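Take a look at the structure set out below.
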Amino acid sequence: MEKKNINEVIANLSVEQLAGMIDHTFLKPFGTAENIEKLCAEARQYQFAMVAINPAEVETCVKLLEGSGVRVGAAIGFPLGQNTVECKAFETRDAIAKGATEIDTVINVRALQKGQTDIVKKEIEDMVSICKPAGVICKVILETCYLTDEEKETVCRIAKEAGVDFVKTSTGFGTAGANVHDVALMRRVVGPVIGVKAAGGIRDLDTALALIQVGATRIGTSSGIQIVEAYKELKKGL
């Protein structure tokens with residue numbers, strides 16, 4: 001895909017549309033009930049695309065977001081991706097049964113690096129076969145900081161052939177998060193139809209817009225409010 005001019009991106013993207021591209025995230029291994037309540041209240045207020053949470057919080061978020069239009073996303077095999085194929089399939093079914101409407105699954109990076117692409121293919125195909133009949137959006141997390149460009153391309157091709165809804169850069173727990181190079185590469189491989197989610201280290205508007213410019217259609221961040229408020233100010237000045 002041809003890189004868009006940043007002014008064109010801004011001209012064609014409303015504040016509401018930007019908010020609707022953000023996955024509002026709380027994936028820390030610690031926290032209180034108040035953290036989850038705040039996350040959901042903010043997502044409802046700003047009309048973010050979804051809340052991204054660990055599977056144990058799915059039922060709570062479903063209740064808190066009832067009638068809001070905000071989706072509930074569960075992180076599967078998170079953050080290392082080193083679960084078995086069968087374990088990830090169980091986690092996916094369980095999260096959906098509890099009300100998750102989006103699934104973000106971490107691939108088995110080690111299997112990929114050992115050349116065991118059959119394992120990566122199987123876990124992605126299983127996720128798609130579980131999610132699609134349930135009407136659940138499925139995303140594959142590459143954890144790009146650990147992969148060569150060739151490995152990133154391999155996963156994107158497998159994901160595209162399997163019929164995923166999104167490929168995603170990062171968990172936010174790796175050595176680095178999303179960057180322009182990786183998002184552009186992923187967009188080039190999957191083409192214009194499949195979504196590309198940029199996540200990890202996205203804390204300001206400039207970074208978010210740069211990633212959208214090269215093909216990101218979702219932004220995973222815990223800084224969504226700051227990004228949207230900054231965009232409101234930017235649009236006012238135009």
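Note that Cβ sites are derived from N, Cα and C of the backbone, with glycine treated the same way.
Annotation comment: Swiss-Prot describes Asp104, Lys197 as active site, proton donor/acceptor. Residues annotated as active site, schiff-base intermediate with acetaldehyde in Swiss-Prot, with sequence analysis given as evidence: Lys168.
Locations of recorded Swiss-Prot features on the structure.
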residue: Asp104; record: active site, proton donor/acceptor; CB count, 10 Å: 29
residue: Lys168; record: active site, schiff-base intermediate with acetaldehyde; CB count, 10 Å: 29
residue: Lys197; record: active site, proton donor/acceptor; CB count, 10 Å: 27
Pairwise CA distance, Lys168 (active site, schiff-base intermediate with acetaldehyde) versus Asp104 (active site, proton donor/acceptor), rounded so that it is a whole Å: 8
Please report the Cα separation of Asp104 (active site, proton donor/acceptor) and Lys197 (active site, proton donor/acceptor) in Å, rounded to an integer. 10
